[in-house]
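> What follows is a structure written as structure tokens; I'll ask about it next.
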Amino acid sequence: MEQGGGISIISPSSLTDSSTGKAKSNGIPSTTASRLMSVKEKLCVPWCQEDGSALESIKKGVAEMVGTAMIVFLGCLGCVGSMGNIPSPVQVCLSFGFAVVTAISSTAHISGAHLNPAITVGAVVCGQKSLLSALVYIIGQTAGGIVGFGLLKLITPQQLLHGGDPSTTRDFCVTLVNEDVGMFKGFMAELIATGILVFMACAIGDSRNARNTDSTAIKFGLAIAVLCFGFVPYTGCSMNPARSFGPALLNNQWTGHWVFWFGPFAGALVGSLLYKMTFALKSKEENAISPEVGV
């Protein structure tokens, strides 16, 4: 998500008489008016703001596609193992974590490296992306998931593309809800994991945290790894609809796929709204609840 605020501010003077410090004739006490103003400030989002020229938006969309393709290609490459052996969960988690580090380092200066529709939804909630710009990002990210997994299938022998059962390749690198967990709990797991990720993205993008962001790519990579360690047994720990869509499409495996769209999007709303309503700065100039990178 990009720096620069973008959240509309309602002046307190429009509600309070500055000469007396009392409420105007609308009958609202100044303290109540101030609280209402604060809530309105945080909820007012310029969804139709301009994010730059069409060419610039296309360039950013392409960067999002390339970065997301890197994540899916490198992350799922770690699921292949050593040409015959099934990789350990630790290898898979670290593969996706390091893939995120690589992708963020490659694209953050171009598009902000959202690389995840859920992060882009959080950017819209925080007023850092218009709906049109977000649509361009999400299209690029979704296309990147397809391209990345397609390249992996292109270079990898078919008999190695299996998720532990050599008799089928439909499950390879596909995020699936554990049968013992169930769809609702799987949805909640994706919501919580993505909510944590988006909340962290908001915190890293906060201007008050600027001095601590020198190693942002590494921080996100480690965050992805630790979330995967915890949530992989539940759902495969997607947190990213674009990451799940490519393998599902090219393997034609759609079992419970809705969980990996609705769960992350719900988590993005919860994480971004929680940070915005609780910790956001009020001043437009200071407000930087705008993580410049994502996954």
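Glycine is no exception: its Cβ is also placed from the backbone N, Cα and C atoms.
TrEMBL lists these features:
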type	residues	note
REGION	1-29	region 'Disordered'
COMPBIAS	8-19	compositional bias 'Low complexity'
COMPBIAS	20-29	compositional bias 'Polar residues'
TRANSMEM	62-83	transmembrane segment
TRANSMEM	89-110	transmembrane segment
TRANSMEM	131-152	transmembrane segment
TRANSMEM	186-205	transmembrane segment
TRANSMEM	217-236	transmembrane segment
TRANSMEM	256-275	transmembrane segment
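Provide an account of the burial state, proximal residues and distances for the features listed.
Within the chain carrying the transmembrane segment (62-83), a Cβ under 8 angstroms from the stretch's Cβ atoms is held by residues 91-92, 94-96, 98-100, 102-104, 106-107, 110-111, 113-116, 137, 140-145, 147-149, 151-152, 156, 160-161, 163, 172-173, 240, 242-243, 246-247, 295, all 6 or more beyond its ends.
Note on the transmembrane segment (131-152): residues 47-48, 51-52, 57-58, 60-73, 76-77, 80, 111, 114-117, 120-121, 123-124, 173, 241-247, 249-250 of its chain, located 6 or more positions outside it, place their CB under 8 angstroms from a CB of the stretch.
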> Which residues, given as numbers and ranges, are at least 6 beyond the ends of the transmembrane segment (217-236) yet have a Cβ under 8 Å from it?
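Apart from its flanks, the transmembrane segment (217-236) reaches 89-90, 92-94, 96-101, 104-105, 108, 174-178, 181, 185-186, 189-190, 192-193, 196-197, 200-201, 204, 244, 259-260, 263, 293-295.
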